[in-house]
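Colleague: Below is the structure I would like to discuss, written out as structure tokens.
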């Protein structure tokens with residue numbers, strides 16, 4: 001959305017010499033606006049790198065977040081610098097043609113950002129309402145189509161003024177004014193803000209209702225399934241697990257409940273994070289989309305230039321604060337941000353490649369005298385742990401209290417055929433899983449050793465994702 005100045009509204013038909021620049025004001029605005037632009041650019045780049053460098057963030061939901069960051073990055077890197085120069089100088093210094101192009105790119109990026117939030121709200125509604133069916137409903141192909149629709153619709157809304165849908169431009173090329181043609185103002189306000197806002201609010205109201213209902217149901221079920229053991233028991237499903245009689249049905253029911261609990265907890269937390277993003281979006285953009293139509297349809301009620309500049313930059317501010325919201329609201333993004341800032345991205349990807357597909361053997365006395373490798377499973381390698389109640393008939397993993405690093409002592413559980421041990425760094429949640437494996441030759445086929453695909457996730461003590 002393009003800045004409007006008072007002299008623009010006068011519709012001057014001649015080019016006036018630019019007024020002298022107030023140096024102190026220019027320096028102050030340059031520092032503030034320049035810092036805001038740099039923060040927005042670096043923050044959105046950080047979001048993109050965090051998703052790109054962490055396998056567990058390679059999901060359709062996070063691709064939507066990357067799309068939002070791309071739109072915000074384009075806005076902060078291609079539009080805001082010229083807006084800041086316009087604000088500092090007090091006049092447009094780049095000519096009429098570039099003014100029109102700049103205005104179109106401005107509307108394109110802002111609309112794409114807003115519609116991206118709309119797509120995210122729909123995605124979160126599906127994730128919370130249908131957590132188990134979500135992967136089949138929201139596929140990568142459908143996600144790509146949704147993102148294409150976002151950018152096509154944004155392009156349609158933004159290019160109207162380039163084809164003449166605007167009021168006559170002033171002859172003074174130092175004036176780059178907002179398009180106040182009433183028809184276009186109504187069209188762009190509805191398409192860029194009010195329709196997406198209505199969808200967002202409806203989706204999050206439904207998310208809230210579903211989350212409250214599901215939370216009550218899952219909490220009541222969790223109370224009946226809690227174990228008396230103080231140890232955290234995590235199990236990994238594997239095929240061809242023997243079971244007897246009616247225990248199969250009971251195990252399936254408990255497994256379904258536990259998987260549903262974890263998936264719902266994960267979707268609920270993502271919905272909370274993105275709900276904060278949407279709340280900030282409404283606070284930032286609503287004033288602008290109230291002021292703009294009022295000024296277009298009712299010129300007598302047009303706000304002052306100072307008020308307009310405030311709401312104008314408040315809308316831009318939204319594209320700079322989303323990178324703050326993610327780490328503050330999500331441990332997942334906080335860890336990803338920290339890894340990128342510490343330049344651990346490449347090392348984590350390489351470690352992940354070695355960890356995935358590793359064949360784990362249960363600890364046994366036969367392995368005691370052999371060389372062992374400690375396999376580091378990095379958090380965020382793209383896998384999932386399920387916390388499931390006892391007697392499920394599935395492969396069991398027990399995680400014990402923290403042990404000093406470098407300790408060679410290995411705790412061997414009683415049931416060596418069904419579980420193996422690991423160490424965790426934190427008592428409250430899983431940060432790093434170090435599993436005991438063997439570098440010895442692969443056992444013979446008649447040796448009953450399960451080959452397990454490793455699945456990891458960060459879990460709280462109650463089973464929720466952290």
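Here, residue 1 is simply the first one shown, and the rest follow in order.
In case you wondered, yes, glycine gets a Cβ from its N, Cα and C as well.
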Colleague: Of the residue ranges 226-249, 250-273, 274-297, which one carries the transmembrane segment annotation in Swiss-Prot?
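Modeller: In Swiss-Prot, the transmembrane segment feature sits at 274-297.
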Colleague: According to Swiss-Prot, which stretch among 334-349, 350-365, 366-381, 382-397 corresponds to the feature motif 'Nuclear localization signal'?
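Modeller: Checked against Swiss-Prot: motif 'Nuclear localization signal' maps to 334-349.
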Colleague: Answer with yes or no whether Swiss-Prot records residue 21 and residue 303 within the same membrane-side topological domain.
Modeller: yes
Colleague: For the feature transmembrane segment as recorded in Swiss-Prot, pick the matching range from 182-205, 398-421.
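Modeller: From Swiss-Prot, the annotated transmembrane segment range turns out to be 182-205.
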Colleague: For which of the residue intervals 65-88, 425-448 does Swiss-Prot record transmembrane segment?
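Modeller: Residues 65-88 are the ones Swiss-Prot records as transmembrane segment.
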Colleague: Could you check what DSSP calls residue 176 (disulfide bond) once collapsed to helix, strand or coil?
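Modeller: Where residue 176 (disulfide bond) sits, the three-state DSSP reduction gives coil.
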Colleague: For the disulfide-bonded residues listed here (99, 176), which one has the lowest count of neighbouring CB atoms within 10 Å of its own CB?
Modeller: 99
Colleague: What does the structure give for the C-alpha distance between residue 22 (N-linked glycosylation site) and residue 176 (disulfide bond)? Integer Å is fine.
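Modeller: With the alpha carbons as reference points, the distance is 20 Å.
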Colleague: Over the topological domain 'Extracellular' (1-27), work out the mean pLDDT and round it to an integer.
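Modeller: The predicted confidence over the topological domain 'Extracellular' (1-27), as a mean pLDDT, is 59.
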Colleague: Provide the number of Cβ atoms within 10 Å of the Cβ of residue 22 (N-linked glycosylation site), excluding the reference atom itself.
Modeller: 12
Colleague: For the topological domain 'Cytoplasmic' (52-64), how many residues does DSSP put in helix, in strand and in coil?
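Modeller: So the topological domain 'Cytoplasmic' (52-64) is made up of 9 helix, 0 strand, 4 coil.
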Colleague: Provide the three-state DSSP residue tally for the topological domain 'Extracellular' (298-305): helix first, then strand, then coil.
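Modeller: Final tally across the stretch: 4 helix, 0 strand, 4 coil.
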